[in-house]
Amino acid sequence: MTTETGYLGVTPPISTAESNEREKEVTATLMEELRNQRTFETVEEARTREAVLGRVAALVKDFVYQVSLQRGLSEAAASAAGGKIFTFGSYRLGVHGPGSDIDTLCVVPKHVSREDFFDIFEGMLRDLEGSTDVAGVPEAYVPIIKTKISGIPLDFLMARLALSAIPDDLSLKDDNLLRNLDERCVRSLNGSRVNDEILRLVPNVQVYRDSLRCIKLWAQRRAIYSNVNGFFGGVAWAILVARICQLYPNAIAGAIVSRFFIIMYQWSWPQPVLLKQIEEGPLQVRVWNPKLYPADRSHRMPIITPAYPAMCATHNVAASTQMIVTEEFKKGADVVDRVIVGTASWSELFAKHDFFHKYRYYLQVVASTDDQELHIKWAGTVESRIRQLVMKLEYVDSLILAHPFIKGFEQVSHCISSEEVGQVAQGQISDAIGKRTKADMEATGGASANTVFSTTFYIGLLVEPKPIGSVGPRKLDISYPTREFTKLVKMWEKFDEARMGIVVRNIKSSGLPDYVFDEGERQPKQPLKRPKTAKGPGKSSNTSPDMPNKKRRLVSCSSL
């Protein structure tokens with residue numbers, strides 16, 4: 001599809017040329033590598049997804065029916081009230097892989113409230129056969145219920161329209177559907193509306209899907225795929241790839257991927273990435289506008305959603321994460337350049353990140369509770385605040401950047417004493433605790449109250465090299481950021497000091513636990529030996545920040 005200008009996008013294409021033979025060759029090898037990397041789901045899993053979605057669609061209608069009866073509607077009116085699901089995210093875009101979640105929007109009529117969604121629908125999900133790990137997060141920026149049904153992960157959002165009934169043929173394209181909705185409903189609707197608009201604005205949907213599948217895998221492998229932690233989420237990556245497709249409308253996937261890295265590395269941020277001109281509308285809803293809103297002006301790498309009302313998909317990006325993403329664009333461009341000329345293979349692009357080898361110092365953030373369901377919500381709350389800690393750390397003197405890892409590490413520890421419970425809450429899980437199973441506890445008559453659920457998050461710290469000639473221990477005062485962070489997470493309305501723990505502590509790379517590494521990935525620890533010099537015993541001429549040197553130790557002034 002093209003617009004009145006004769007092209008898609010806010011500027012004319014850079015080139016309308018067809019791809020050459022070399023680009024066709026590298027596209028063929030790219031698709032082969034994507035298959036080798038198992039990015040495509042099996043036919044059986046696809047059928048399971050369709051069956052699950054069928055069950056969910058029926059459940060949403062039943063939910064609306066039950067609430068309608070509670071509101072006093074007649075049997076006929078309750079049956080006609082409807083309720084409909086819309087998928088969005090990777091599933092809607094056609095780029096999902098094995099184990100991917102299905103983002104699902106539940107559209108309900110005006111007499112069904114958000115409280116009903118979390119009180120009644122969440123309960124119906126718990127009772128659904130084959131449903132596990134149900135957890136609602138009503139206070140999230142976009143309120144959500146997470147679950148698994150028949151092993152398929154689903155994220156449920158809800159939008160209540162100003163309609164008395166939801167017809168089966170409802171389309172979300174009409175902007176007037178946004179009338180009289182609260183901001184949370186508008187945000188929930190936007191996911192589905194944005195995906196539909198992206199697919200409408202790309203010149204070739206199949207080329208777009210192949211290219212996006214590649215970029216998603218690359219971003220995941222390089223650990224920069226996470227909106228909540230200040231990197232880019234799925235929507236942002238989808239928009240970036242769509243923009244490159246607009247600029248090269250007749251190119252195939254290999255060529256799109258090559259140009260993606262070249263253009264994104266050189267992009268003049270904070271110039272926004274747009275798929276179409278931002279539309280003003282008749283509704284009283286906020287549209288992204290840096291001239292009008294100071295908060296919008298502060299966005300470092302603005303990637304703007306194409307559906308009205310336009311929003312920034314990357315408002316979480318901080319100075320540190322911008323530096324990290326830019327560095328990865330450069331590395332990706334270098335690899336793809338070599339792929340094009342035949343001196344590298346696509347597998348190099350998908351090499352695993354080096355996060356746990358990259359820094360000498362790390363922050364460890366440990367969230368712990370005594371209950372599994374409670375822990376899902378508590379760990380999610382802590383994770384959603386990690387970027388606030390990152391932004392506070394950026395103001396610390398002599399800290400170049402704070403690099404958050406994109407996921408937490410979950411552990412279940414069976415403790416036999418209060419001392420062990422305290423150790424786990426501090427992130428110190430001994431071999432004895434780590435190897436102890438639930439069966440071991442039961443065999444010794446251990447109480448279930450001593451089971452601790454913990455999730456540990458990591459932030460890499462890049463510290464400025466110690467100035468030449470300086471003496472004494474290296475001090476990095478992180479007490480204020482960590483204190484403010486713990487205060488922030490404890491402000492959660494459901495926080496219970498007796499049942500929930502939050503600890504922030506700094507560790508050296510040598511102190512990282514084995515579970516953050518793949519099998520065989522960790523290098524054997526070498527005993528540190530002070531190099532011999534002519535300056536006498538105990539003296540070292542080394543000033544390199546990378547060399548082990550007891551004089552250059554990190555002193556955390558944090559009380560945590």
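Each Cβ is built from the backbone N, Cα and C atoms, and glycine gets one as well.
What TrEMBL records for this protein:
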| type | residues | note |
| --- | --- | --- |
| BINDING | Phe88, Gly89, Ser90, Asp101, Ile102, Asp103, Asp155, Lys216, Tyr225, Gly234, Val235 | ATP binding site |
| BINDING | Asp101, Asp103 | Mg(2+) 1 binding site |
| BINDING | Asp101, Asp103, Asp155 | Mg(2+) 2 binding site |
| DOMAIN | 9-202 | domain 'Poly(A) polymerase nucleotidyltransferase' |
| DOMAIN | 208-352 | domain 'Poly(A) polymerase central' |
| DOMAIN | 354-525 | domain 'Poly(A) polymerase RNA-binding' |
| REGION | 514-560 | region 'Disordered' |
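Cα of Asp155 (ATP binding site) to Cα of Asp103 (Mg(2+) 1 binding site): a distance of 5 Å. Nearest to Asp103 (Mg(2+) 1 binding site) in space, judged by Cα atoms and limited to the binding-site residues Phe88, Ser90, Tyr225, Val235, is Phe88.
A gap of 14 Å separates the Cα atoms of Asp101 (Mg(2+) 1 binding site) and Tyr225 (ATP binding site). Under DSSP, the residues of the domain 'Poly(A) polymerase central' (208-352) split into helix, strand and coil as follows: 71 helix, 6 strand, 68 coil. The Cβ of Phe88 (ATP binding site) lies under 8 Å from the Cβ of Asp103, Thr104, Leu105, Gly191, Ser192, Val194, Asn195, each of which sits 6+ residues away along the same chain. Its own atom aside, the Cβ of Tyr225 (ATP binding site) has 21 Cβ atoms within 10 angstroms in the protein chains shown. Mean pLDDT for the domain 'Poly(A) polymerase RNA-binding' (354-525) in this predicted model: 88.
With a 10 A radius on its CB, Val235 (ATP binding site) counts 23 other CB atoms from all the protein chains.
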